[in-house]
Amino acid sequence: MAPRKRPENQKTPEVVVRPKSKRNRSPRELEPEAKKLCVKGPGSSRRFDSGLWAGLASLRVPPLCSSIVRALHQHKLGTAAWPSLQQGLQQSFLNSLASYRIFQKAAPFDRRATSLAWHPTHPSTLAVGSKGGDILLWNFGIKDKPTFIKGIGAGGSITGMKFNPLNTNQFFTSSMEGTTRLQDFKGNTLRVFASSDTCNVWFCSLDVSVKSRVVVTGDNVGHVILLNMDGRELWNLRMHKKKVTHVALNPCCDWLLATASVDQTVKIWDLRQVRGKSSFLHSLPHRHPVNAAHFSPDGAQLLTTDQKSEIRVYSACQWDCPPSLIPHPHRHFQHLTPIKASWHPRYNLIVVGRYPDPNFKSCSPHELRTIDVFDGSSGKIMYQLYDPESSGIMSLNEFNPMGDTLASVMGYHILVWSPEDAGTQK
């Protein structure tokens, strides 16, 4: 399908650097601001429930852990096992979240942001796609103007993005325009890997394996296509009854593929043995349509996000065992970018945006639209990030490969979180 050009009326990307505050404000000091941002629920008054701040404050200050230096010394002496050392490092990171602030914002799009990808080797560079097909390449570590690639407008939504692991000056995209393609930073199309040639079929997801040199992409009618890096199609099969919302290759066993769908299933496949739609290794039924399925960085777990109120964590060596269930409000809404939970790249932590639901079992009267951090082992909520000046729903939240900077998508806006001192230096 030939790309359509869009009128030259796109606004200039807006990037805002947040100045360092003189001191950290307590939740009590923020309470008057939060009152203005709360949505009045059925039968509720405009009075803000101060008990919510008390609960949030208790989450915002994790208990102190033992000295990391001591833990490293004990590990060196052989008196501390690696898991305990890893747990100590994770707790230290959780403690640092109290200092995280939004230090940069960008609002470059005229339609909401729909996808997000971090550069694999430049920890201050990310790519963000929009519903209009626009793409922003932003290195927030320098003062240069971000690179803006204009899309086609309506019908051009970027549904998936990934930097090319073989050449990080290029990136893959899947889109509602009906293509999965490889582009450079100037917006030139280097190769079209898949094209529907019809407006009724579009691509919703993609992933890339550098080891196997393959690209996998899924469409809105249930097909999954596997191609090599030269663009040659290896197979094209209908693996689901409905839209394939997410495809993910295991980072350690790159022949292991997970596909998620609005048909309320996640399926696990061995790429070496795919013969047809029934050749999956495991089918993991869900109660609701599924937005995403992410393997953990070590490949040992699978994280799924449905379109209602459930996050699941499966063990990759025990697919038949019941998963860990994490109740969490993130319901689907037509004009909201689907909420997807993601892994922290270094610790067994899950990060996901909250969409308060009055019908959710544990919903508070004036619940905030926070970014929630869960322990991947216990399912316990460990921390909640919140900025009253950016109180919208954070649909996408991903840490950079270093694990020290968080990018969030909130409607039209891109937000970058970092420890306050580090953010000021950046």
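Just so you know, glycine gets a Cβ as well, placed from its N, Cα and C.
What you are looking at is a predicted structure, and each value in this text was computed from that prediction instead of being measured.
Annotation comment: Swiss-Prot describes 1-11 as compositional bias 'Basic and acidic residues'.
Under the heading region 'Disordered', Swiss-Prot lists 1-33.
Here Swiss-Prot flags SER26 as phosphoserine, drawing on similarity to another entry.
Taken from Swiss-Prot, the feature N6-acetyllysine applies to LYS35 (among others).
As annotated by Swiss-Prot, region 'Required for interaction with DDB1' applies to 67-78 (among others), with the evidence given as similarity to another entry.
Summarising the annotation, Swiss-Prot assigns N6-acetyllysine to LYS76 (among others).
Positions annotated as region 'Required for interaction with DDB1' by Swiss-Prot: 86-97 (among others).
Within the chain, the repeat 'WD 1' (115-150) has long-range Cβ neighbours (under 8 A, six or more residues past its boundaries) at 6, 10, 13, 15, 104, 106, 108-109, 156-163, 165, 168, 171, 173, 175, 177, 183, 185-187, 396, 398-402, 404-405, 407, 409, 414, 416, 426. Taken from Swiss-Prot, the feature repeat 'WD 1' covers 115-150.
Broken down by DSSP into helix, strand and coil, the repeat 'WD 2' (158-193) contains 0 helix, 23 strand, 13 coil. The feature repeat 'WD 2' is assigned by Swiss-Prot to 158-193.
Taken together, the residues in the repeat 'WD 5' (289-328) have a mean pLDDT of 95 on the 0 to 100 scale. Annotation source Swiss-Prot lists repeat 'WD 5' at 289-328.
Secondary structure of the repeat 'WD 6' (342-385) per DSSP, as helix, strand and coil residue counts: 0 helix, 17 strand, 27 coil. Taken from Swiss-Prot, the feature repeat 'WD 6' applies to 342-385.
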Task: Distant-in-sequence neighbours of the repeat 'WD 5' (289-328), which means Cβ under 8 A and at least six residues beyond its ends - done: 242, 245-246, 248-253, 256, 258-266, 268, 281-282, 338-343, 345-346, 348, 350, 352, 354, 357, 360-362, 372, 374, 376-377, 379
- [ ] Could you give me the DSSP helix, strand and coil counts for the region 'Required for interaction with DDB1' (86-97)?
- [x] 12 helix, 0 strand, 0 coil
